[in-house]
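Trainee: Swiss-Prot lists His111, His115, Asp307 with the feature Fe cation binding site, giving sequence analysis as the kind of evidence. Look at Swiss-Prot and you will find Leu134, Val135, Ser136, Gly137, Gly138, Asp167, Gly180, Asp184, Asn279 tagged as substrate binding site.
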Amino acid sequence: MTTVLAIETSCDETAVAIVNNRKVCSSIVTSQIPVHQQYGGVVPEVASRQHLETINVAIAQALEQAQLDWGQIDAIAATCAPGLLGALLVGLTAAKTLAMVHNKPFLGVHHLEGHIYATYLSESSLNPPFLSLLVSGGHTSLIFVKDCGNYETLGQTRDDAAGEAFDKVARLLKLGYPGGPVIDKLAQQGNPQAFALPEGKVSLPGGGFHRYDASFSGLKTAVLRLVQQLEKDGEQVPVADVAASFQETVARSLTKRAIACALDYGLDTIAIGGGVAANSGLRKNLQAAAVKHNLRVLFPPLKFCTDNAAMIGCAAADHLSHGHTSPLTLGVESRLALTQVMKLYHPLE
């Protein structure tokens, strides 16, 4: 059994957790949303300063909540890519310092790999191979999970990520930031069939459309034109109906691609990860389609859909069990493909 203290500071949450394989011993998340709301989005410099102010307290709280001391911690981990460079540096520097002071193995973890492992925290039976649908503010991808650190990207968005589209539509509807939760809540009061919005498709060079790639920029533009036309006609914009129609279109698009991909590759399990995994419309669509096609669809608990350190610790524990650790010279990267995750590690000596 491996006990890992993990740190996640890739964006606007300062998170520290202690994980014993797939069991969460403690999980501390300090959100910066109230700080960034006044700006309408995350300000990188502000995020970094907030992480600096809260990281030490979060580490102490994680140890206290787990009722553990440093002698009971087997390894230290932190997100190192992708993300905001300044924010990542805060967590990575803290983790490497702790690893040196306490003479513990250190592991850098890919943020998206963490989101894949979020489902492991509640599903003890989940093991590769399976299909992962990663949907967040910065990424939308279909990943063939073959083994720990062994991934193949089968599909992705060609423009806006799903979560990014939610934020942009929320902004044009004047709903505030972050957009995902507020649109989801408002959609409960609206009619998802009120407006026929276009489902973005990605054309293939030889004709036809890509079965797994998605596009959301056209959908976002369609919502903008719809709102502009309603206002031009002097009509009140039915915000709940627009939100519901938009959410349904996104959920239908993601579901169609995930199901097709799983069936084509003979995978009977789809695990969802990322902040948009909390969306009720996506959950409803995927669960219904999974039953129809005799597939298993798994979602993380809501508290582990958004950024957290428990998922980072779970990924680190699995890597450590495979003999992987990271050099203390490891740096941060704003962009790093999930398929390159093994560059973060070297074999245990």
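Just so you know, glycine gets a Cβ as well, placed from its N, Cα and C.
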Trainee: For His115 (Fe cation binding site), find which of the binding-site residues Leu134, Gly138, Gly180, Asn279 come within 10 Å, Cα to Cα.
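Mentor: Cα within 10 Å of His115 (Fe cation binding site): Leu134.
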Trainee: With every protein chain in view, how many other Cβ atoms are within 10 Å of the Cβ of His111 (Fe cation binding site)?
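Mentor: Cβ-Cβ neighbours of His111 (Fe cation binding site) within 10 Å number 25.
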Trainee: Looking at the binding-site residues Ser136, Asn279, which one has the fewest other Cβ atoms within 10 Å of its own Cβ?
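Mentor: Relative to the other binding-site residues in Ser136, Asn279, Ser136 has the fewest Cβ atoms within 10 Å.
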Trainee: Rounded to a whole angstrom, what is the largest C-alpha distance between any two of the residues Leu134, Val135, Ser136, Gly137, Gly138, Asp167, Gly180, Asp184, Asn279 that the record assigns to substrate?
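Mentor: If we measure all Cα pairs in Leu134, Val135, Ser136, Gly137, Gly138, Asp167, Gly180, Asp184, Asn279, the largest is 18 Å.
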Trainee: Identify, in sequence order, the residues in the chain of Leu134 (substrate binding site) that are 6 or more apart from it along the sequence and have a CB within less than 8 Å of its CB; answer 'none' if there are none.
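Mentor: For Leu134 (substrate binding site), the qualifying residues are Leu112, His115, Ile116, Thr140, Ser141, Leu142, Ile143, Gly273, Gly274.
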Trainee: Between Asn279 (substrate binding site) and Asp307 (Fe cation binding site), find the distance joining the two CA atoms and give it rounded to the nearest Å.
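Mentor: Counting only the Cα atoms, the answer is 15 Å.
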Trainee: For Asp307 (Fe cation binding site), just give me the three-state DSSP call.
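Mentor: Coil, per DSSP.
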Trainee: Let me know how many other Cβ atoms fall within 10 Å of the Cβ of Gly180 (substrate binding site).
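Mentor: Its Cβ has 26 other Cβ atoms within 10 Å.
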Trainee: These are the binding-site residues: His115, Gly138. Which one scores highest on other Cβ atoms within 10 Å?
Mentor: His115
Trainee: Including all protein chains displayed, how many Cβ atoms other than that of Asp307 (Fe cation binding site) lie within 10 Å of its Cβ?
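Mentor: Taking every protein chain into account, the count is 27.
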Trainee: Work through the binding-site residues one by one (Ser136, Gly138, Gly180) and name whichever has its CA nearest to the CA of Asp307 (Fe cation binding site).
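Mentor: Closest candidate to Asp307 (Fe cation binding site), judged by Cα separation, is Ser136.
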Trainee: Using DSSP, would you call His115 (Fe cation binding site) helix, strand or coil?
Mentor: helix
